[in-house]
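Heads up: the structure comes next, in structure tokens.
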Amino acid sequence: MNNNIQQNDAQRVKILSEALPYIQEFRGRTVVVKYGGAAMNNSDIKDTVMRDIVFLSCVGVRPVIVHGGGPEINSWLDKLGIEPQFKDGLRVTDADTMDVVEMVLVGRVNKEIVALINQAGGKAVGLCGKDGNLITARPVGKEGIGFVGEVSSVDTSVVESLVNSGYIPVISSVAADETGQAHNINADTVAGEIAAALGAAKLILMTDTAGILQNYKDPSTLLAKLDIQQARELIQKGIVAGGMIPKVGCCVRSLAQGVQAAHIIDGRLPHALLLEIFTDRGIGSMIVASGYTNL
């Protein structure tokens with residue numbers, strides 16, 4: 001028994017030792033995490049993610065969280081007798097649906113995440129794109145989809161003030177245009193644009209897949225590291241397809257604007273965030289600008 005305990009303790013020390021150079025590298029640096037997918041629906045995984053976020057904060061990393069909430073929106077639309085509709089992969093967002101989206105993302109999902117982080121020992125503050133003019137939206141310009149927006153501009157003053165004071169900003173992807181009309185914006189897009197505006201060290205997208213796969217049916221074909229050009233070629237060849245295209249595109253845009261590394265990881269795995277940031281092997285796909293050689 002004692003031998004087993006010693007082996008377990010030795011393994012813990014080894015893990016902490018392996019994490020040290022990464023902690024040193026990213027201490028004081030901003031990491032933007034897009035939290036969504038199945039990690040939001042499983043209570044055990046949800047609690048693990050919140051503890052990981054607090055851990056990042058405790059070791060000096062400056063986490064900024066951007067979240068989605070699609071399943072919760074669908075659930076409330078169903079309760080209210082509004083049938084969810086999608087067109088070209090975008091949620092059709094008429095006035096009634098926009099009210100529900102804002103109510104759910106800003107009033108429920110956001111506050112739950114804030115409460116869970118605070119319960120885990122962190123100091124979280126909830127925001128949406130409207131707060132402090134953080135995000136100014138504009139319509140995507142497609143007919144028949146209503147108040148679906150994209151990011152027109154970002155003002156990170158309120159986020160920087162919170163981060164500099166030791167708080168963890170939690171941001172929902174609802175923003176207003178210049179007339180004050182609320183728009184629903186893809187959370188991956190919001191995370192990428194905020195990461196770029198903050199000059200983040202990392203953008204991490206938590207998804208329901210292992211990462212970028214050469215063969216989407218075979219998890220063993222995971223591409224652990226690639227650069228912008230390789231990522232673009234995978235899209236052109238059709239290897240990156242379907243719902244992965246906008247995620248990879250979001251990563252590429254953020255890198256082109258100065259983010260050092262963008263990661264696509266499986267949020268369903270316990271401690272996925274810490275495994276990706278603080279271990280040599282990582283667990284997902286990291287996309288970097290050409291020539292980037294840091295940790």
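Quick reminder: no glycine exception, Cβ is built from N, Cα and C everywhere.
Taken straight from Swiss-Prot:
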- Gly69, Gly70, Arg91, Asn184: substrate binding site (BINDING)
- Lys34: site 'Transition state stabilizer' (SITE)
- Lys247: site 'Transition state stabilizer' (SITE)
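Known features from Swiss-Prot, placed on the structure.
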{"residue": "Lys34", "record": "site 'Transition state stabilizer'", "Cβ within 10 Å": "29"}
{"residue": "Gly69", "record": "substrate binding site", "Cβ within 10 Å": "24"}
{"residue": "Gly70", "record": "substrate binding site", "Cβ within 10 Å": "17"}
{"residue": "Arg91", "record": "substrate binding site", "Cβ within 10 Å": "21"}
{"residue": "Asn184", "record": "substrate binding site", "Cβ within 10 Å": "26"}
{"residue": "Lys247", "record": "site 'Transition state stabilizer'", "Cβ within 10 Å": "23"}
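In the three-state DSSP assignment, the secondary structure recorded for Gly69 (substrate binding site) is coil. Of the chain residues outside the substrate site list Gly69, Gly70, Arg91, Asn184, Gly68, Ile73, Val101, Leu105, Ser173, Ala187 have their Cβ within 8 Å of the site's Cβ mean position. Checked against Lys247 (site 'Transition state stabilizer'), the recorded positions Lys34, Gly69, Gly70, Arg91, Asn184 differ in C-alpha distance, with Lys34 being the nearest. In this structure, the CA atom of Lys34 (site 'Transition state stabilizer') is 11 Å away from the CA atom of Gly69 (substrate binding site).
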